[in-house]
Amino acid sequence: MALYFDHRIKAPDTPSSPSHITWHPTHPFLAVASISPSSGGNVDIYLEQGEPVPDTHIERSFQATSLCWHPTRLILAIGWETGEVIMFNKQDKEQHTVPLPHTTDIAILSWSTSGSCLVSGDKLGVLLLWRLDQRGRVQGTPLLKHEYGKALTHCIFRLPPPGEDLVQLAKAAVSGDEKALDMFNWRKSSFGSFLKTGSQEGLSFFVSLMDGTVHYVDEKGKTAQVASTDSSIQTLFYIERREALVVVTENLLLSLYVVTPEGEAEEVMKVKLSGKTGCRADITLIEGSLLVTAIGEPVLRFWDLERGENYILSLQEKFGFEKGESINCVCFCKAKGLLAAGTNKGRVAMWKKVPSFPNGRGAEGKDMWALQTPTELEGNITQIKWGSRKNLLAVSSTESVSILSEQAMSSHFHQQVAAVQISPSLVNVSFLSTGGTHSLHTDMHISGVFATKDAVAVWNGKQVAIFEPSGSTLRNAGTFLCETSVLAMHEESIYTVEPNRLQVRTWQGTVKQLLLFSETEGSPCFLDVCGTFLVAGTDLAHFKSFDLSRREAKVHCSCKNLAQLVPDVGSITSLRCNANGNKISILLSKVNNSPDSKIYIYDVEMDTVNVFNFTTGQIGQIQTLPFNEPPTNETRSFMDKSLAGYTPVNHFWDQSEPRLFVCEALQEAPGAQPQAVDKQPRVEEGTCHKEEVLILSFFASEEHGFLLHDSFPRPSTYQSLLGMEVPHYYFTKKPGEADKEDRVDSGYYHIPQMVAKRPLRDFVGLEDCDKSTRDAMLNFSFFVTIGDMDEAFKSIKLIKSEAVWENMARMCVKTQRLDVAKVCLGNMGHARGARALREAEQEPELEARVAMLAIQLGMLEEAEQLYKKCKRYDLLNKFYQASDQWQKAVEVAELHDRVHLRTTYYNYAKHLEASADCGQALSYYEKSDTHRFEVPRMLSEDLQSLELYINRMKDKTLWRWWAQYLESQAEMDTALRYYELAQDYFSLVRIHCFQGNIQKAAEIANETGDWAASYHLARQYESQDEVKQAVHFYTRAQAFNNAIRLCKENGLDDQLMNLALLSSPEDMIEAARYYEEKGEQMDRAVMLYHKAGHFSKALELAFTTQQFAALQLIAEDLDEKSDPALLARCSDFCIEHRQFEKAVELLLAAKKYHEALQLCLEQNMTITEDMAEKMTVSKDSKDMSEESRRELLEQIANCCMRQGNYHLATKKYTQAGNKLKAMRALLKSGDTEKIVFFAGVSRQKEIYIMAANYLQSLDWRKEPEIMKSIISFYTKGRALDLLAGFYDACAQVEIDEYQNYDKAHGALTEAYKCLSKAKTKNPLDQETKLAQLQSKMTLVKRFIQARRTYTEDPKESLRQCELLLEEPDLDSTIRVGDVYGFLVEHHVQMEEYQMAYKYLEEMRKRLPSANMSYYVDQRTVDTVHQGLGLLPPSRIMPERVRHNSMEDHKEVYEEVIEEVDNDP
């Protein structure tokens, strides 16, 4: 909490009354104009504590009417009632008078935004614009002059827009232009002087006149009226970011104008503000959107320009304001977020703006403002102004001026004594051990306080006063002068600070010891005492601790430099030590003076620093190492992420327990969280809200380090954390909070005045326990914190207090140890809780079971969070209902537990009904869809309301209910009307029959067809012996058995048949028996038995009565589910009547497969695939053995073969397991694709060979794939002899068709290889074939060689050819014509035509039937004949078909061999 110290200005000796006050915008100088009855008018300048600035007194015999400081320089413009304007230069103590064009009161003085020009205006409407130099002297004549003829009231300069070049440059910088960015950064660039920033003088402004008009003066000096109001203008504002002008008149008429760049104004809003008129109003604008008005009323009135909303803030008596106290003036400080207002009773009221945090919506309206403690002054406050960069507040009353400066409230807690400052010179002292409280009044403005059980010390930086308790009062035990900023006490010693040393003094100020600090260590400025240890921190971020247990203080921890322990350290903010002196906690500020979000805890014994990072929720340890090695760092999480994002502001160690540490942390301002926190996933619903202030306690141990013990939000009625001593936390209370009685149930205890305490979580109910119990509970808390529940249990097992066991049970909720919780509930005697916990064991989620424990212990918030965590929204719904949180229950049901939504609505409706809220109950009964019976019940005592509701709802069920009620009241006519609305035709018919109007009842039954109505009417007709009508309405009612009964009784046989067919099988059988017994119309009996599914009886009766048509119909409906004997009998019947297809179907249904197959053979019936499938017995069938099944399948396949259905035969042979027969059937089909596929999947040698043989019968010469398959199948079938024969045939094709002897030789080579590998039954025959192949290969090779050597040795080539011609078996291998053709071609090329002719003649003799042109080109033959002069031969040529060359057989073979080797 902050206090405001008031410093009354030291005015001149001459009595005077202040008239104007104004702060310099940046420097802490306040200008005050006052009126003196004797001397006239005065202007003085004061410092922040009210001291007058020397040589600044200005005095005239007339009054000052206007004051205005220069925006940056220490130049004050002063306007006087004579029209004189003085420029006072505070720096040089110079006065410069502006020339005198004004002749009356100066009404306005306003500096331009750059401070180079000044506008002055008087009450005659004369307006001047002056240019001044840096010392405040006027430069030449006025830049402009206007005479408006009416008194000027306000002047506001319009901020100049940035030049076009600057706008473009800004856009480029945002886009990432490095040059543009450098031009904006003056540290990196010298381009700044060249920026064309447009007209930066800002010499355009608005002025208002007494007649209510507003004029705009542009840069060129031209003036134009832009707005006009109906009365004098009281306030004028210009909102830069919206380019808008706000005008408020004396009649409180608010007008908002949008201003164009040219200065034209368009009115966009006009509204009449609330408040009394006829008196002066003080109006301020907050952040360009919120208008605040003080009009001498007890309230401040707010108007939100953006939302169009208004609200008020009132003064509250609990803060010390008087009833009827009114507010005269108001002012807002943006830096502090404080709204200050002065009252007619001399009080300064302040409202602090509540910050908006990023975890949700901020406060709105009057909830944005929190009223603070007022500052008490004197007189009627008329003016109030914030100013300077120090944010000082000047307050002017009718008699004096005071300057308020903020100072933090001092408070201290030590040895069960708490001292809290509540005003600048008043301290509230509470002796908590005895309950005594004292108000300590001093004659100084207190800047600090320190309390012990023996004395209380206060000081102000210049003087120290010691007070000790004496009976019911505090008496002064010593006062001495000492310029110390901080102070500490221990027993009878006082510790004060001076540069580079600590002074140990007596209560009277006598120095008895000096504790020195070196120049490098700095001067001590922070002190703390805990137990018998004192810790001191210096302004150079060093710290040292002392042991005070002896007569003189001894160093306990040598001086440490934080800069060596913590990187980027700024300065110390505060530091504390624990009761053992082995832990020192430190708060720091960063280098830029912003608060650090970490707490540093130095371990004296281990020489390590633990770092608590409250922003990220991490704890790290920095360990210093010897020999100047860099420190080591370790980090881990010390608290839940939901507790992250805070900044510590207070920290304390327990006064007696060295392990306990507590701190107070504020939520970081919006936008302050680092990225690491922002990346955390969103917290589960219900836990997303973050408290503004948290109290966190920790346990410290050597083995486990620092562990979070507890955390809770600081109660709203408390101001700040004051300290800690087991079993309580201590807080300062907010001023104005009324003292309240102790609330034992919530665990809060309030001490009168300013101190409050709250027990530690584990000590609720044990606040007055003895030391042994306290130690046991501390150990319990410690072990629970480290997670050792067994040790925690041992530490309290001997304690008999139920409160202790209840605390243990509460801990079990936190640790989720249900086994320990059972023991705790037993020791508490909590039978209900034990039973509930036992019943909850059936829940699968641990959190759900723990939540039940929390409910039994009254920990409802924890139970709620546990249910949310495990997402057991059904149990959460029940919890909300049981705890009377119905809105939450409904919300959960609607969003997450829709299974129980209607139940929730219903239960809520029952609750509302019990609460007598019938209107809401009715609504929720409707939502639960139970209103049709619950609302009539609920409104049964209010029939008029019920009737209105029923008529309004127009619901058939409700109409029916109301009709039944009316019928019970014998109001038949009205009941009929409502039954008709409800479309309850049964009730209509029933009432009409009751009234004897049976004809009307019959009309209704016929029109509607309602079964119940028809049945009731049929009963009526039957009772009246009107059989036909009864049968008719029984039929309409679908009550066929009753209609059949009447037909049988009354001989209505024709109707009986139709009714039986419409009725159930049982009724059909009864009707059939009726016809059978009667012996007539037996066809009807057979049909009815048939329709009823009684086939055996139908067949028997049909055979007996020779009804063949009926038999045929029955046979058509039989299937495999029918009786086999019945099927066989029907099949015989079909055979007799030559219905063979139906007979086969029946035989198959009866599973007589052989008979069905035999019938097909005998009658030459084609076996379809469907019939074949029906004849095929599954492998799992137990009706037939596997051998019989295969035999049947082969018979089916044989039959299919005879009928030419080869594919079906293949399928059945395959199913029978006879793949060879299946292949033969497939070969007969000629389906090459399926043959190849079947051979590939069968994997049998015989099938491979069969497939290959078949493929050889095809034109494999044109299809390389077929040739490849042939080679593959022969290879897989291990038929190498057949493969050799195929290669031999391939070679012959190459020779005969393509004359490709090279490929032919390759094919022969492959044939030889295959044959040589083959294992034949006749080796002699194999040897003969091999010899033949070898001979062929030799001849082909010789011919190939002869042709190849021709180019090198033609003679040798010709000789080889001639030798070949002499071979006896040449014709069987090589075409002789090819050899002769080769020789002829050679001799023709050599022009040896005679030799060529010779070989032609030999060829003719050797091949008499061949055409020569088949071997020798016809042109070659013609050339030979021409060369010899012979006639050309006949040119008749046989037709010759040329085929494409074959694939390389060797490559194909190698590819096939590879496939075979890879085939498993």
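Start at 1 and count along the chain as shown; that gives each residue its number.
Just so you know, glycine gets a Cβ as well, placed from its N, Cα and C.
The structure displayed is predicted, hence computed values, not measured ones.
Straight from Swiss-Prot, the features:
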MOD_RES   Ser1445  phosphoserine
REPEAT    4-48  repeat 'WD 1'
REPEAT    51-90  repeat 'WD 2'
REPEAT    93-132  repeat 'WD 3'
REPEAT    221-259  repeat 'WD 5'
REPEAT    266-305  repeat 'WD 6'
REPEAT    322-361  repeat 'WD 7'
REPEAT    863-896  repeat 'TPR 2'
REPEAT    902-935  repeat 'TPR 3'
REPEAT    1011-1044  repeat 'TPR 5'
REPEAT    1079-1112  repeat 'TPR 6'
REPEAT    1124-1157  repeat 'TPR 7'
REPEAT    1190-1223  repeat 'TPR 8'
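Within its own chain, the repeat 'TPR 3' (902-935) has Cβ neighbours under 8 Å at 877, 881, 884, 886, 889-890, 893, 946, 949, 953, 955, 957-958, 961, counting only residues six or more beyond its boundaries. When pLDDT is averaged over the repeat 'TPR 2' (863-896), the result is 94. The DSSP breakdown of the repeat 'TPR 2' (863-896) into helical (H, G, I), extended (E, B) and coil residues amounts to 27 helix, 0 strand, 7 coil. Outside the repeat 'WD 7' (322-361) by six or more residues, the chain places 4, 282-284, 286-287, 292-294, 296-300, 313, 315, 367-386, 391, 393, 395, 397, 404, 406, 667, 669-671, 673, 688-690, 692 with a CB less than 8 A from a CB of the stretch. For the repeat 'WD 3' (93-132), the number of residues in each DSSP class (helix H, G, I; strand E, B; coil) is 0 helix, 23 strand, 17 coil.
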